[in-house]
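Student: I have a structure I would like to understand better, so I am pasting it below and will then ask my questions one at a time.
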Amino acid sequence: MEHNEINALRTKGVIGIAIAGWAASLSLAALIPAMGTQAFHALAASVLLNLLPTIAAWQRRYDSAARMAVALMAALQPALMLYALRGAPWQIDMHMYFFVAIATLTILCDVRPILLAAATVALHHLILSIAAPSWVFSGGGGVNRVFIHALAVVLEAGVLCYIATTLNSLITRIGSALAESEQATRSAEEALRLADSERAERSRLESNLAARRREDMLRIAADFESSVSEVTMAVAKSARALDEVMHSLDENARDTGQQAGEVAAAASQVSNAIDAVAGSVTELSRSIGNIAVTAGRQDELASEAGTRTETGGDAVRSLANQSKTIGDATRSIAEIAEMTNLLALNATIEAASAGDAGKGFAVVAQEVKQLAAQAARATREIEDLLSGISKGTGEAENSFGKLSGAIAELARSAMTVRSDVDSQRAATSSIEQTMGDTAAGTEQMAHNSAVLANRASTTQKLSGDARQNVKALLETIHSLERSAGDFVASIKAA
Amino acid sequence: MYIAKPESKPKPRRLLGLSQAVIAIGAVGGLLLAPPAFGQLAFYPISPAADRALPGIVFQDGRRAVARTALGGGYVMQGARPPLSELLFEHGILVLAVPQGGCTGAVSGT
């Protein structure tokens with residue numbers, strides 16, 4: 001990276017060389033009256049060569065292209081002087097300006113423009129000494145003169161390159177040192193400025209800090225006072241609420257103790273009543289046992305009555321069958337009596353036919369006929385009796401059937417009664433068990449009621465103590481408020 | 001202290017040096033071809049009318065023909081140079097110097 005000092009020197013060099021180029025053009029213009037057309041042509045070429053270096057100088061350019069353009073112009077301006085003075089005795093003296101032009105390029109601090117200018121001058125001499133010798137040396141100089149001039153140009157270029165390089169290095173080092181010095185100066189000034197700024201800032205911060213600290217203290221004191229006031233108010237409010245709660249608790253404990261005593265007394269009464277009920281239930285259980293025994297006896301009797309009723313029924317049915325047998329025998333007797341009557345009738349007829357001899361026989365026949373009639377009447381009476389017996393046995397059989405149904409119903413009722421009695425016995429047993437449990441629970445309830453009454457008494461005592469403590473807490477809160485007020489007042493006064 | 005402006009246009013840098021080289025070559029070459037006020041001159045017609053008028057013009061003012069030019073159908077004359085602008089703009093004739101050994105040199109005597 002090149003330093004600004006070198007660039008500034010190069011810019012000055014470009015500008016100066018461009019101005020020198022226009023000075024050369026003016027010189028050529030001055031030669032026109034003396035040298036005529038060739039000076040005019042040289043002037044035109046000189047103006048052309050000055051254009052780009054002038055633009056570069058106008059633009060403050062110092063880059064390598066600008067330097068090379070300036071070097072080319074500087075090397076050719078003396079050549080134009082030679083051309084303009086062609087044939088004049090002073091032409092040879094114009095060669096001095098080649099050395100001047102090349103030496104002027106040293107200000108560019110670059111070896112390349114020097115080398116380019118030297119090469120251009122050398123080529124100019126070599127080419128024109130062959131192509132147009134009159135442009136270089138009046139009357140011709142020969143190759144030897146060209147080489148002498150070229151050697152001088154080379155030597156000068158070498159020395160100038162060394163000087164340019166050394167100058168570049170020196171300026172670079174000086175620039176670096178200067179930059180470092182300026183940097184150090186700026187750093188020192190910056191450090192001093194920072195120190196002053198920090199000192200002022202520290203002073204301002206300390207002042208602000210003190211003011212802020214006092215503001216913070218006042219704000220903290222106000223916040224503390226407000227917080228303590230809020231806290232004490234809240235605690236006092238809570239304490240008063242607690243006192244009210246304790247008062248209510250005391251009353252509740254008193255009511256609870258009273259109600260617990262009443263519950264204990266009621267539980268004792270309930271226990272006694274349960275004992276009495278348990279005794280009644282025991283009696284009821286015994287009575288149900290007796291009913292169960294009676295129901296069992298009734299069942300047995302119903303079974304026996306049923307058996308006997310069936311036996312009676314069988315006897316009646318046997319009697320009915322025998323009455324039918326008697327009826328059959330009776331109808332046989334009636335048939336015999338009818339046949340006897342018919343026989344007596346025949347005997348009567350025969351006796352009548354026999355006359356007087358048959359009169360006795362007719363009397364016997366009459367008697368037989370009467371016996372047959374009597375037998376027939378006896379038979380009808382027997383049939384009537386048998387009919388009454390059959391009707392009676394039917395009714396008896398029917399009665400026995402109904403009786404058997406009633407006895408069966410009775411047996412079922414007895415079984416139902418026995419089953420119900422068994423259920424009642426189970427129910428009474430369960431009632432007895434429940435009553436026992438109830439009695440135990442009642443006793444436990446009475447015991448618990450007594451404990452509750454005792455605890456209610458204890459609670460009442462504790463609530464009283466708590467109310468005393470609440471009063472002490474309220475006094476402490478008032479004391480805290482006074483202390484906080486004194487503390488805040490001392491802070492504000494500080 | 002003078003501080004130069006930073007380089008802001010990097011691209012035209014080489015163009016500047018190249019353009020200057022072209023101008024230098026052109027200027028020196030132009031000088032080689034610039035016709036002197038008196039001496040050997042090459043007259044080149046650059047239009048058909050100039051071609052027809054060229055013989056009548058080149059022999060004015062006591063100029064003497066030295067040879068025909070190698071190219072372009074011109075004449076190499078020895079003598080005073082007429083005004084360049086008059087020849088170029090009124091007659092269409094270009095006048096150049098005749099360097100020794102150049103392409104404008106004479107190829108045959110008259």
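Every residue, even glycine, has its Cβ placed from backbone N, Cα and C.
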Student: For the feature coiled coil as recorded in TrEMBL, pick the matching range from A:188-215, A:244-271, A:440-467.
Tutor: A:188-215
Student: So if I exclude everything within five residues of the ends of the transmembrane segment (A:12-32), which remaining residues of that chain have a CB under 8 angstroms from its CBs? That is, six or more out.
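Tutor: That would be 39-40, 42-43, 46-47, 49-50, 53-54, 56-57, 60-62, 66-67, 70, 73-74, 77-78, 80-81, 84-85, 104-105, 107-109.
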Student: With a cut-off of 8 Å between Cβ atoms, can you find at least three pairs linking the transmembrane segment (A:65-84) to the transmembrane segment (A:115-135)? Only pairs 6 or more residues apart in sequence count.
Tutor: yes
Student: Over the coiled coil (A:188-215), what does the predicted model average in pLDDT?
Tutor: 88
